[in-house]
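Trainee: Residues annotated as transmembrane segment in Swiss-Prot: 36-56, 68-88, 89-109, 132-152, 169-189, 196-216, 229-249, 256-276, 322-342, 364-386, 406-426, 451-471 (among others).
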Amino acid sequence: MAWLIYFFEEPISIHLGTWFSVGDIQVNYGTLLDSLSMVVMVPVGIVTLSVLIYAIDYMRYDPNRNRFYIILSVFAIFMTVLVISDNYIMMFMGWEFVGVVSYLLISFWNTRIAAMKSALSAILLNRMGDTLFVICIGTMLSYFHAVDFETMELMTPHTDTYMLNLMAMMLLMAATAKSAQLGLHGWLLSAMEGPTPVSALTHAATMVCSGVFVLVRSSFMLEYTPSMLLVMLWLAGFTTLMSGLMAVVSNDMKRVMALSTMSQLAMMMLAMGSSAYDLAMYHLYCHAFFKALLFMSAGSIMHSYMSETQDMRKYGGLINYLPFSYTTMLMASLSLMAMPGLTGYYSKDIIMESLYGTYTVSGYIMYYIATASATLTAIYSLRVTYLTFYNVPRSNKYTFAHVHESTHMAMPMFILTIYSMFLGYARDNVTFHLVMGLPHTNSFIETEYTLPAMFKLLPLMLGLSLSLTTVYMYEFTYKMSKSSVYNYFNQRIYYDQLTNNLIMRPVLKLGGATNAYTDNGLLRVLGSTGMSRALINIPVLLMMNMTYTFIVFFTYMKYFYIIPATRGRKLYMILYTKCMINIFHTPEAGII
C-alpha cells in the first residue's frame, strides 16, 4: 500500500470510528496515508529496525535489556500514530506518548542520578510545549468545531487572521519545545545520559523531528500567517548559529551530535520559514539516516572502551583499532558537512539557496547565517573525527589492548552508510512527490536557475577553508582556542545559569511562599485539617462548658447560702479564681 501511495500520489483516508460527540462537535479517529506521512514513515521504519538490531549487541550484558526492547518498540508505535493520524487530537496522543516513552528511555539507567535528572528536565520542558498544543486544540474545537486536517484546510482561508496567528504561534511554541529550538533546548543536551541507541532513534527520525512534522502538516495554516513565518525564520536562524558555536567548543562526543541535531532541525525550520516545506521534509528524510549513523558510530567507539567515556579528549589514534567505525563516522560526517556527491549535499545546500531565492532582506540575512552555520558544521564534524581518530593516543596500553569492534553492530551501520552516501540521488523523486501535497510558494526550481553560482559554492568554500584552519590550530597553535569566547560557548551561553537564576529560583521561592500561606496557613485552619481538629475537640469543649456551668452554680449556692459573710468568703473566692485560671489555661483547653 505504501508503494501505491508513493508512486501514484493517491492519499488514503481510513475512518476507524467516532471517538466522542458533544453537540455539533464530532471527533473521529482514523489514519491518513498520504505522501507526507509515507515520506516520514520510511526513515522511521528503517532507522527503528536498524537501532533495534544495533541494540541487541549494545545492550547484551544489561540485566534489563528486555524492558529496553519493549520500550523502544512502544516508542516506534506511538511515533507511527503521530505520523499517520488524520486529526490533531489523535496526533496529540502520539505526540504525548512519544514524550512519556522518551522519559522512560532517557532514565533507563535509573541508578544514575544524572540520567534521572535529565529525564525530568526533558519531560518538564516539553510540558510547556504540550500545554500550548492542548490550548491550540481547544481553540480549534471552540472556533471550528473540528480538528481533522481536511476540515481545517477548507476553513482556514475563511478564518480571521488574528485567530490563525494565535493558533500558529501555539503550534510554533509546541514545536520549539519538542524540536529543541533556542530557548527550550536545554533538555536535548542532558538527554545524552541515556543509552546510545536511544539517542540514535530519538535524535534522528522520531521525537525531535515530530515538531517539524506537525508544522509541515499545518502548512495550510502557516501560509496564511506570514508574521509567524517571519518569527519562525529568525528563531531558526539564531538557533542554527548558536548551536553551531556551542558544538565547536564542546568536548562530549554525544553532545556535539545533539547540538548538530539542533542545528539541522533549525535548518528545517528555516526552510519552513521561507515557505519551502518540501525542502524541509526532504532534509528531515535525509538527515535521519546520517545522523542515526553518527550516533551509532559514536556508540561503537564508546562501547569499545572499558569505561565507555564520551570525552573526545581521551580518545585519539583509533583509526588503526576501529577501521570500520572510522569509515562509517567519516561518511556520516562528510554527509553532514554537505560534501558534494553525498546525501547531505542535496538536502542541505538547496535550503540555503532557497533562502537567498526569497529575495527579501530577512532571506538574505538568513542565507548568510545559514552559510555560517554550515561552516561551523564542517568545523565541528572535522574536529570530532580528528580528536577521535587522528590525534595522539590519550589512553593507556591496557585500554587499547581491549578496544574492539562488534560484528553484530556493524550490519545496521553498513545499511545506514549506504543510505548516507546514495540517498541524495533520489532527490527529484522525493521533492516532486512532496510538492504534490504541500504549498509551494517558494519553488526551489526557480531558485536553481536564477541564483548566481558564487552563492551556491560559498558554503562549500568556507567549510573547506575553515576546516583546514581548524586542523592547523589543533596541530600547531592550540592555545588560540583558549579564550573568554571559548569559555562562553563551552558553558552553552550560560543557558543553565540564566534559567536557574531568572526562572527556577524565583518560581521555587514563590512556591514556598504559596505553600506557607495556603497549605500550612489558610487550608490548615479552614480546610480539612482545621475541620477535623474542630470535630475531634467538640466533646472536650462540651465537657468543659458543662463543668464550668456546674462549678458556677455550686459556687453561687455555696457562696450565698452556706458560707457566712466573713473573711472566709473572700478567701474562698480567691482560691476559686486561681482554680479556674489553672483549668482554662491547660493545653487541652487551648485546642480549637
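Each Cβ is built from the backbone N, Cα and C atoms, and glycine gets one as well.
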Trainee: Out of 132-152, 256-276, 364-386, 406-426, 451-471, which stretch touches the transmembrane segment (36-56) the most, going by CB pairs under 8 Å?
Mentor: 406-426
Trainee: Under 8 angstroms, Cβ to Cβ: which one of 132-152, 229-249, 256-276, 322-342, 364-386 has the largest number of such pairs with the transmembrane segment (68-88)?
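Mentor: Counting Cβ pairs under 8 Å, the winner is 132-152.
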Trainee: For the transmembrane segment (406-426), name the stretch out of 132-152, 229-249, 322-342, 364-386 with the most CB-CB pairs under 8 Å.
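Mentor: Out of the listed stretches, 322-342 contacts the transmembrane segment (406-426) most.
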Trainee: Do at least three C-beta pairs under 8 angstroms join the transmembrane segment (364-386) to the transmembrane segment (132-152), pairs 6 or more apart in sequence?
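Mentor: Counting Cβ pairs under 8 Å, fewer than 3, so no.
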Trainee: Report, as numbers and ranges, every residue of the chain located at least six residues beyond the transmembrane segment (322-342) whose Cβ falls under 8 Å of a Cβ in that stretch; write 'none' if there are none.
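Mentor: Answer is 260, 264, 290-291, 293-294, 296-298, 300-301, 304, 348-349, 374, 377-378, 381-382, 384-385, 388-389, 403, 405, 410, 413-414, 416-417, 420-421, 424, 459-460, 463, 467.
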